[in-house]
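J.: Just dropping this structure here.
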Amino acid sequence: MITLRTVSKQYSSEVRIGPVDLEIPAGGVTALVGPNGAGKSTLLTMIGRLLGLDEGTIEVAGMDVSTTRSKDLAKVLSILRQENHVVTRLTVRQLVGFGRFPHSQGRLTAADEERISEAIDFLHLGELEGRYLDELSGGQRQRAYVAMVLAQDTEYVLLDEPLNNLDMKHSVHMMRHLRRAAEELGRTIVIVLHDINFAGRYADRICAVQGGRVLEHGPSAQIMTSEVLTRVFDTPVQVIDGPDGPLAVYY
Amino acid sequence: MAELTAAPAPSGHPAPAGTAPASGTAPAPGTAPPSGTAPAAGARSDAPSRRRAGSGALPTPRARRRFALVLGSLIVLSLAFGLGYLALDNPMPFGSEGFWIIAKLRVTTLVVMVLVAFCQALGTVAFQTVTNNRIITPSIMGFESLYRAIQTTAVYVLGVAGLTALQGTTQFVLQIAAMMALSALLYGWLLSGRSANMQVMLLVGIVIGGGLGAVSTFMQRLLTPSEFDVLAARLFGSVSNADVDQLPIAIPLVVLAGTVLLLRSRRLNVVALGKEQATNLGIDHRRETILVLLLVSLLMAVSTAMIGPMTFFGFLVATLAYQAAGTHDHRLVLPVAFLTAFVVLSGAYFVMKHVFYAQGYVSIIIELIGGSIFLAVILRKGRL
């Protein structure tokens, strides 16, 4: 379980995130949605201890993220941002291998290699594993980074807009992979999404953020209504019945 | 059946600078016992039947052969230039007492070259890693400007006698201390505050360097030509600037800083992924960065205080070493960078001494010829 208690972050006198109280249960996929500048990514990076908080506490699986050693957290929690520094001369497999660093401190064992192979196969990167990162397209690189956090083998996986740079096909594949990771590998996945319909289709729970506060949080079906989405995104949204559940139409 | 045969990781690939070059670095693929323990994988149809390369620094046999070749050639070249420097052009007949006296004198110069190569190579590679920037060198962070400013001030205030006043072990230690103090102040202040920002730190470092450089240039204008002439010799990086008495202080400092850096190679690999990835993987990024930057300052301060500025040298060597090693792994890049640095430095001395008879101006040949090689390599390969 991820627990946020009166968490806040002051950016300037006008821009403030929080105070946020939120409980994200273990298991399944939780999507953070909301308009630009709502604070979705800020909340995610604070949970992932990449950004310090000004007030409040965040606990992941009972560990306080601001006081627990980063080394210990890295075995429980992994986080992936949108932008990643691309190292030249690093192959996909070597990058995924870094996911094992918290467990092996860089001394890869045969068991580690097996985990790496599994993560690569899980995202269908087998053909690309020997390629250098700077030879890949943005979408392929994105998948390689996701494979890395999966190889990290943490119970909690936080992803900041993993569908950025991905076309329709790869977005769908990515969401299916993540769904599978939640179901087959028992991971708790928290993901920032821009496309509300992806959230409605693949997430178990949706957490709607607006103006630095959590506006709504509940099962997807409960959030995917015209009334709630119109309020969250501050623009007219109509929810219709699609072939696979509710669809938000706002074009 | 065994599709997921994880080949044993060649990760424990030891490559300290001094080991034998080729043997043992590349385990023959045939000797690897296949660990066919993935029955579930048999059902997977999209995974083609093949032996998977490991995730180590040099995943393919071809990369391992290439690396062994590079390491071997660098060691052979180092030995050739080193021994050549000791033995060639010795006026005394080989084996006579005089021969050994001259050779012993040259050993000091050789030791200085080894130290400088070590400092500049490790310092620059580590600096580029923690700053996530492959086109800068620690020299621009004010070290060399501070050295120039100290030397110029001494001559400006005390005249030619000022340079003699700076030549002693106490003064040597004080110069290192001054440079370390400058960097500790810069890193500590800029990286531990609330607005810790690497780019701002680099910029402030460059501005301080520029300011000190301008002050030195201004003072140099006011010197008499003879004083300026004496000073100029100190401001060109040259191995002959070093003093035997400095070695007992320099060697332990360099060995200490170098050992700590080499032991942290695996962490440096993670730091190279960037601040957020490093934190995600459990590295205390700020602590690691400050520690590495302080070690880099120590290496650069010793090198600069010993022989003077070598602005382009570290940068050149780091880039060439990455091209030669062909891997991201610091456990391999650092030794290769050290050997490359020694080959470039001793090679330049060899050429200057035996071809141009002008060994005082080695930094010039390094920047000229080294710079051209560097440009050629970069333009041909198209990536750093």
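Start at 1 and count along the chain as shown; that gives each residue its number.
Positions of Cβ are set from backbone N, Cα and C atoms, glycine also.
Note that this is a predicted model, so its numbers are computed, not measured.
Heads up, here are the entries from TrEMBL:
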type	residues	note
COMPBIAS	B:1-43	compositional bias 'Low complexity'
REGION	B:1-59	region 'Disordered'
TRANSMEM	B:67-88	transmembrane segment
TRANSMEM	B:100-125	transmembrane segment
TRANSMEM	B:146-166	transmembrane segment
TRANSMEM	B:172-191	transmembrane segment
TRANSMEM	B:200-219	transmembrane segment
TRANSMEM	B:290-320	transmembrane segment
TRANSMEM	B:332-352	transmembrane segment
TRANSMEM	B:358-379	transmembrane segment
J.: So what's near the transmembrane segment (B:100-125) in sequence-distant terms, Cβ-Cβ under 8 Å and 6+ beyond its ends?
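T.: For the transmembrane segment (B:100-125), the nonlocal Cβ contacts are 82, 85-87, 90-92, 137-138, 239-240, 242, 244, 247, 250-251, 254, 257-258, 261-262, 296, 299-300, 302-303, 306-307, 310, 313-315, 317-318, 321, 330, 333-334, 337-338, 340-342, 344-346, 349.
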J.: For the transmembrane segment (B:67-88), I need the partner stretch with the highest count of C-beta pairs below 8 angstroms, choosing only from B:146-166, B:290-320, B:332-352.
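T.: The stretch with the most close Cβ contacts to the transmembrane segment (B:67-88) is B:332-352.
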J.: Could you check whether the transmembrane segment (B:358-379) and the transmembrane segment (B:290-320) come into contact, where contact means at least 3 Cβ pairs under 8 Å with the two residues of each pair 6 or more apart in sequence?
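T.: Contact between the transmembrane segment (B:290-320) and the transmembrane segment (B:358-379): present, because at least 3 Cβ pairs are under 8 Å.
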J.: Which one of these stretches, B:146-166, B:200-219, B:290-320, B:332-352, has the most C-beta pairs shorter than 8 Å to the transmembrane segment (B:172-191)?
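T.: Out of the listed stretches, B:290-320 contacts the transmembrane segment (B:172-191) most.
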